[in-house]
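Participant: Take this structure first; my questions come after.
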Amino acid sequence: MYRENSLQQSLKSSRDYHPVLCLLNPAGVLPAVDGSVAAEVRVIMGNIFGNLLKSLIGKKEMRILMVGLDAAGKTTILYKLKLGEIVTTIPTIGFNVETVEYKNISFTVWDVGGQDKIRPLWRHYFQNTQGLIFVVDSNDRERVNEAREELMRMLAEDELRDAVLLVFANKQDLPNAMNAAEITDKLGLHSLRHRNWYIQATCATSGDGLYEGLDWLANQLKNKK
């Protein structure tokens, strides 16, 4: 028994909305027609194929938790990714959450305040987290050891055992900023032998390095198929 596949059904239903597609024969083949008409049909067909492909593949989603010490630049990073511009921020008490669309992936990014009194609340955001972004103020040499302690404490949590780790070595525009290699050493990242991690030098105000970090997260998600 003959049955139409999803592509044929899509083409058939599309004829009702695009009169030009009525020129297609039942097999979906375009007979000899005027060149301009043929070009229009090809454009419409391309749109139909594109929309059908999106519906078949679907958009992937990834839940991201972004943490770090206070004043590391987390909220600036979040809204640079979301809005593409710098926003005036105040210390985050609680959290900000935004959805960032990138490369057919919907990143839900939770930006949680980093002040010492509210860091114990971080654990309430661990569940179902697929990726952890840890933001470091590369210019804050006095607190880099504190940043390491907080990072290692989090990574020891069972709920984060499968989460990949992206470190943003932020504020690289400042003259005394530690580079990514130095931050790697200070945070002890090479000791993380059973976790996928990556460090990216960034500047939140200019956006440098932010999308390279998202690229890495996107590839990690694809590799988990």
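Every residue gets a Cβ built from N, Cα and C, even glycine.
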Participant: In TrEMBL, the GTP site includes Gly68, Leu69, Asp70, Ala71, Ala72, Gly73, Lys74, Thr75, Asn170, Lys171, Gln172, Asp173. Which of Gly113, Gly114, Gly209 does it also list there?
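Facilitator: Looking through Gly113, Gly114, Gly209, the residue TrEMBL assigns to the GTP site is Gly114.
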Participant: Hey, what's the Cβ neighbour count for Thr75 (Mg(2+) binding site) at 10 Å?
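Facilitator: So the Cβ neighbour count for Thr75 (Mg(2+) binding site) comes to 23.
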Participant: Once the DSSP letters are reduced so that anything not helix or strand counts as coil, what is Asp173 (GTP binding site)?
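Facilitator: It is coil.
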Participant: Among the binding-site residues Lys74, Lys171, whose Cβ has the fewest other Cβ atoms within 10 Å?
Facilitator: Lys171
